[in-house]
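Read through the structure below, which is laid out as structure tokens, and then see the notes.
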There are 2 protein chains.
Amino acid sequence: MGIVVQKYGGSSVADAEGIKRVAQRIVEARKDGNDVVVVVSAMGDSTDELIDLAERVSPLPAPRELDMLLTAGERISMALLAMAIGNLGQEARSFTGSQAGVITDGSHGKAKIIDVTPGRIEQALGTGAVAIVAGFQGVSQDTKDITTLGRGGSDTTAVALAAALKADVCEIYSDVDGVFTADPRIVPTARKQSRISYEEMLEMAACGAKILHLRCVEYARRYDMPIHVRSSFSHHSGTWIADHEAEAEDMEKAIIAGVAHDRSEAKITVVGVPDRVGEAARIFEALSDAQINLDMIVQNVSAAATNLTDISFTLPRSDGQTAMSALSRIQEVVGYDSLLYDDQIGKVSLIGAGMRSHPGVTAKFFAALAAAGVNIEMISTSEIRISVIVDEPQVDDAVSATHRAFDLEAAEVEAVVYGGTGR
Amino acid sequence: MGIVVQKYGGSSVADAEGIKRVAQRIVEARKDGNDVVVVVSAMGDSTDELIDLAERVSPLPAPRELDMLLTAGERISMALLAMAIGNLGQEARSFTGSQAGVITDGSHGKAKIIDVTPGRIEQALGTGAVAIVAGFQGVSQDTKDITTLGRGGSDTTAVALAAALKADVCEIYSDVDGVFTADPRIVPTARKQSRISYEEMLEMAACGAKILHLRCVEYARRYDMPIHVRSSFSHHSGTWIADHEAEAEDMEKAIIAGVAHDRSEAKITVVGVPDRVGEAARIFEALSDAQINLDMIVQNVSAAATNLTDISFTLPRSDGQTAMSALSRIQEVVGYDSLLYDDQIGKVSLIGAGMRSHPGVTAKFFAALAAAGVNIEMISTSEIRISVIVDEPQVDDAVSATHRAFDLEAAEVEAVVYGGTGR
């Protein structure tokens, strides 16, 4: 058959038993006649342990050295996985990111893949071996230093390798069976989606669904590489992420892909901003200079009597302190009254390419929230998504009510969570 | 000044505190105006932990993958060390064996260094940075696979790099202050030798002194690279190993370098070998075919009445089983009577280039052993060494008596053992 790229996260290879179980699956895929390339993350919590060690020797470790350190994690898991596969009678060879030809820029800790030249991988496949590749890492084009790709790095490695090798599919294994219509911890009857488009998956990822990182889906969409998200703990078919838009006659296609939620954001309101040209620009310039990524932004209509307006926006909670400081520094220049900071908020998003052609989705969404007694603080929309900010304690109710209102429930409970969470 | 290569073993960098202490020393050496290259082993017992993990996934791991796994250990220690140095305000960059240009043959687990091309190290030194290099590892010339150098590998890496960089000295740090005239655990008044020749150190290493591996000393002698053996836990000057033979006028030079001992050997006696041409050759051929390295060999004069002789030899205990099997298989062909196996033996060696020109050393040695009631089972000599095999329980007495007889005692106790033992 063709080439299959499989990616296993840290929770799938957390210990010797996990590694042996994964090895078994890989050998099965090889026996099915595929050329198999496996991308693997570091074992369980080993990356966190390395970071702890680093903090104990230096409060602010050099990024180049931190990358050198962290890449030891995948080196351990990939070598052990290759051994476990060898023990089953199937030859396997492990390769670092550098050996696998994952060429990146020089941004340590958050390097971007520039090119993938998998000559050694193709050579290994040519001899009948399974190739095991360290996820999350590469080598910088200019200095030949070891780099890491940052969050979502291993998934991105897998998709990038799959694209370079012209693989048939990139299988991303984790501890859940696929992409669900909502987080099964909140909605136990959430339904597994058998297929979903790149666009929808991008919105899901951006709105807090943790199953795949935005960056990996973007990469897959650019190279039109189908992703099959599935569990390494079961043999169920998972969710296929691909260009389903092309299938015009797709009757199975749901209007709504799912309900996502995110508790990682905070809201800042700048109160009493003079409603003059350029004042808002100054505020966002200050935030941009501080390297802060904003999500939703709302500006109220100014009250006629005062000619003052309020500007609210959401941002990652981890950037809250930095943003407040940056804004404080420009208070006199802008002349605003005060700042309000609220990190007791949550974002609930309804996502689905189908809503384009189905009017009334927004009305139904808001009605469901109202019936559940959930107050909407901010609203933002795209062509295939509606997001609202609500009080954090109301997130669960909002997700459940929305899921029910759009008839997303499965006939029976489908979701099983098998282990921890990987990188 | 010049280039200093320092090597720190696993016991010196066993934890965050150790790494910070070593970083301080390295920065001091840099501040003295030297270009500093540091070779570092894996932290404490981390290599053993990785081997345990490997055994849990595969009883017989592929050597290539075992090397990939084990090299993660130095990757962790070297990155942490570079961070700790950076934290003291001194730039440091870590390099894998491959990045440092340590080119080896393809014998995984016991690779030999073929060439050292330290271009990236020189570049780092040129920018004023300290270069940290992973010990024990290299990259194979043909397949570009990661290799490990086997026992004594990190010391050998240090000497090889020092030679390639034309360093002034290769400092080997461990948890003892230098090379002593005997093991301080047996002879508390053992004296630290301020200098010793390559030849003497080779004999010491071959005779069980564990401070340096044979291979590293051989490398140093070949390239005439002075080694300074010292402790990372103190600032005492240690032992200089160099070509002291050249210093003809060296009044300080001792006749005896030290008393070494070794409890790792076993003795096999082949009883009743027909005293015919070629029988001994057959025995040693069989042992050679079984890849067994012999140490001492003794053949008794044959008893005239029977025309039979006994052949005894010593070998590593770990090879005892293999050797006995190999010999059993040739019993009929050779026609010997029986085999005796004894692993309750010890080897005590007196070493010193001075004994060449001092007659009577042998007589004094044997007299000291006799006075201590120690029975000599086998004897072997070289130009600068006399070794005897004794009963294992008598090893301590034999070492002490010999040390005393040759007036090797220090005026006061010099030896301190600071920590565990490194690789």
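These residue numbers are counts, starting from 1, taken along the chain as shown.
Using N, Cα and C of the backbone, Cβ positions are placed for all residues, glycine too.
Automated prediction, rather than curation, is the source of TrEMBL annotations.
Summarising the annotation, TrEMBL assigns ATP binding site to B:LYS7, B:TYR8, B:GLY9, B:GLY10, B:ARG185. DSSP gives B:GLY9 (ATP binding site) a coil state; it is part of no helix or strand.
Counting every protein chain shown, 33 other Cβ atoms lie within 10 Å of the Cβ of B:GLU74 (substrate binding site). Following the DSSP three-state reduction, the secondary structure of B:GLU74 (substrate binding site) is helix. Per TrEMBL, the feature substrate binding site maps to B:THR47, B:GLU74.
Annotation source TrEMBL lists domain 'ACT' at B:268-344 (among others).
Feature annotation from TrEMBL assigns domain 'ACT' to B:350-423 (among others). Mapped onto DSSP classes, the domain 'ACT' (B:350-423) shows 29 helix, 14 strand, 31 coil.
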Neighbours of B:THR47 (substrate binding site) among the binding-site residues B:LYS7, B:TYR8, B:GLY9, B:GLY10, B:ARG185 (Cα to Cα, within 10 Å):
B:GLY10
Between the Cα atoms of B:GLY9 (ATP binding site) and B:GLU74 (substrate binding site), what distance do you get, rounded to the nearest Å?
10
Near B:LYS7 (ATP binding site), which residues of its chain come within a Cβ-Cβ distance under 8 Å, counting only those 6 or more away in sequence?
B:VAL38, B:VAL39, B:VAL40, B:SER41, B:GLY135, B:SER154, B:ASP155, B:THR157, B:ALA158, B:CYS170, B:GLU171, B:ILE172, B:TYR173
With a 10 Å radius around each C-beta, find which of these binding-site residues (B:TYR8, B:GLY9, B:GLY10, B:THR47) has the fewest other C-beta atoms nearby.
B:THR47
Which residue counts does DSSP yield for the domain 'ACT' (B:268-344) in the helix, strand and coil classes, in that order?
28 helix, 25 strand, 24 coil
What subset of the binding-site residues B:LYS7, B:GLY9, B:GLY10, B:THR47, B:GLU74, B:ARG185 has a Cβ positioned less than 8 Å from a Cβ of chain A?
none
Roughly how many Å lie between the Cα atoms of B:TYR8 (ATP binding site) and B:GLU74 (substrate binding site), rounded to a whole value?
11
About how far apart, in whole Å, are the alpha carbons (Cα) of B:GLY10 (ATP binding site) and B:GLU74 (substrate binding site)?
9
